[in-house]
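**Student:** Summarising the annotation, Swiss-Prot assigns N-acetylthreonine to Thr2 and lists experimental evidence as the type of evidence. According to Swiss-Prot, the repeat 'PFTB 1' annotation covers 125-167, on the basis of sequence analysis. Residues or ranges marked as active site, proton donor by Swiss-Prot on the basis of similarity to another entry: Asp456. Residues or ranges marked as repeat 'PFTB 2' in Swiss-Prot: 615-661.
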Amino acid sequence: MTEFYSDTIGLPKTDPRLWRLRTDELGRESWEYLTPQQAANDPPSTFTQWLLQDPKFPQPHPERNKHSPDFSAFDACHNGASFFKLLQEPDSGIFPCQYKGPMFMTIGYVAVNYIAGIEIPEHERIELIRYIVNTAHPVDGGWGLHSVDKSTVFGTVLNYVILRLLGLPKDHPVCAKARSTLLRLGGAIGSPHWGKIWLSALNLYKWEGVNPAPPETWLLPYSLPMHPGRWWVHTRGVYIPVSYLSLVKFSCPMTPLLEELRNEIYTKPFDKINFSKNRNTVCGVDLYYPHSTTLNIANSLVVFYEKYLRNRFIYSLSKKKVYDLIKTELQNTDSLCIAPVNQAFCALVTLIEEGVDSEAFQRLQYRFKDALFHGPQGMTIMGTNGVQTWDCAFAIQYFFVAGLAERPEFYNTIVSAYKFLCHAQFDTECVPGSYRDKRKGAWGFSTKTQGYTVADCTAEAIKAIIMVKNSPVFSEVHHMISSERLFEGIDVLLNLQNIGSFEYGSFATYEKIKAPLAMETLNPAEVFGNIMVEYPYVECTDSSVLGLTYFHKYFDYRKEEIRTRIRIAIEFIKKSQLPDGSWYGSWGICFTYAGMFALEALHTVGETYENSSTVRKGCDFLVSKQMKDGGWGESMKSSELHSYVDSEKSLVVQTAWALIALLFAEYPNKEVIDRGIDLLKNRQEESGEWKFESVEGVFNHSCAIEYPSYRFLFPIKALGMYSRAYETHTL
């Protein structure tokens, strides 16, 4: 079992044998900690055994592995799939994982419970502390925006506060080291906007030092381009409750612990700080997206308005408006909200409005557990309530692509994942007045309950379902979803394509682009880019093309229109290619990820290395980045700098991405591909597992996040494609 830093310094830990992950047919994930007596009669799933490093995990021992002289790509593919199927939860069909990386999620859970006077259960408290301690920077003891970031004020102050609220004393070596780093960076005064908001709610900062978030903007006509109903869904999801908190200037009652914290996180006494002069103070290490002059002027005008012009009528009207919007968010998502950041802010507002014993607040407490995920390092709040739909859609597709899906040993794996996707389709519309588009028929990123349509997830789910429905092997489950339900999904997907004046032919994430991209000049977050409005994303457009072309091949529904929509999407993909042949990826790292999706999309319309200059440029770029050992490796710095940066060593996931791209493009130099395939085979464990190497995902250019299933899914696909193209060997 791995020894972590928390173990070396003697921090308490729970018994990993007593944890059980519960899932249901809608994909909800929640952890329980049992008594030894309960655990004896409740065996863990193989996923739980693997994740928590239980020696009783049924480790596979395939006959042929990398030490066998005749070990083929298909052998490696089959071994990887045989291992991966053990990570599927039998009750739900999902492939659970700890979708972690961001270091600013857990503060909401801990702060809301502290403010509400709710004691976090001891087993959770212990593991929340362990996770934060185990993700501290190994040199200076601070924390960053994400788990592989340098130490920042934002990450360090929030996680320091969490540790103190959870009971770690200020003189504990972990706290002392982190506090030293925080003060060296200038103290909490340099925290970005979201940090200042949480500190103000905890009475550790003053609201006059927080840039405003006026709820009155929701009273403006929707026809105005700046109306917040036109913003990106995550941004408006956060700033609806934040605008309420900003309006009422909520700070929790002072306690002795908070008094201590006030004295620990600043470089000078709290009472001597002029907070109003520090609205724009952000530590240079934190600052990814500086304020525009436009935003600074707007903030100054709003501060003047709030101080001298806001009247009680407007105050009450705007307060009611945003709380009504919070209630629609809770209704549309059964209190999950779009993600944990806005869920925690919504919970705090609900606590203020309705009280700790209210049904609404208690439901939010229940739903907090959906994103609270345990792992070997400890427990953390994930980036969302999971990646259930995304991973299931890929698993089905890639098992088919690899020639595995119809083999008897994978029948249950495919059926279970397919059943989950059938259950995960949205079958209701949002509450009127939610500023939400039609969603019935679509799929989201995680679960049906979460309820937010995502374009590429809808497309990939449709493609996966059609693959199963086309196979006679799975005839017993074909009835679970009708063609008419797929048509509803296609209707939503087509409605998400940008065919107006914004980025013609592209697909964004959750909605069409509804406001000019120039709105980004009002980005207040300081640590993220591209958050104000929807943006066109090449990989979302690629996935949408994959779903539409596959559907178009087998159905006549809206056939001519779909043909046109595919054509204009392909035009956008080509237009998005950079002069060096690359595409910038926004949801995976980075140029390698986007290149894979782009070249697969172009393959679906018949474009290959031989007949397409776009494909040739894309392949030549990827080949130029191959490392000496035959693999590929790209750093998170690529996402931040918008320029390709090699990682320290080649990586399995990115090698698979590059190989998939080259195989779809029919790249003619087989030796290049062979070297990459050899790396995937050699990095595989004898059991079929690939070990974690580096973070795979990213969002908003600056925040890394892990996709643990990627190290199985994409190598399986790459090896399977290679085997079908070049090998006659069968298992």
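Any Cβ shown, glycine's included, is placed from N, Cα and C.
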**Student:** Just going by other Cβ atoms within 10 Å, which of the recorded positions Thr2, Asp456 has the emptiest spot?
**Tutor:** Thr2
**Student:** Within the repeat 'PFTB 2' (615-661) only, compute the mean pLDDT.
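**Tutor:** Looking only at the repeat 'PFTB 2' (615-661), pLDDT averages out to 98.
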**Student:** Do you know offhand how many angstrom separate Asp456 (active site, proton donor) and the residue listed as 'N-acetylthreonine' by C-alpha?
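**Tutor:** Rounded to the nearest whole number, the Cα-Cα distance is 36 Å.
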**Student:** According to DSSP, collapsed to three classes, what secondary structure does the residue listed as 'N-acetylthreonine' have?
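**Tutor:** Coil, per DSSP.
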**Student:** What does the DSSP secondary structure composition of the repeat 'PFTB 2' (615-661) look like, as residue counts for helix, strand and coil?
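**Tutor:** So the repeat 'PFTB 2' (615-661) is made up of 25 helix, 9 strand, 13 coil.
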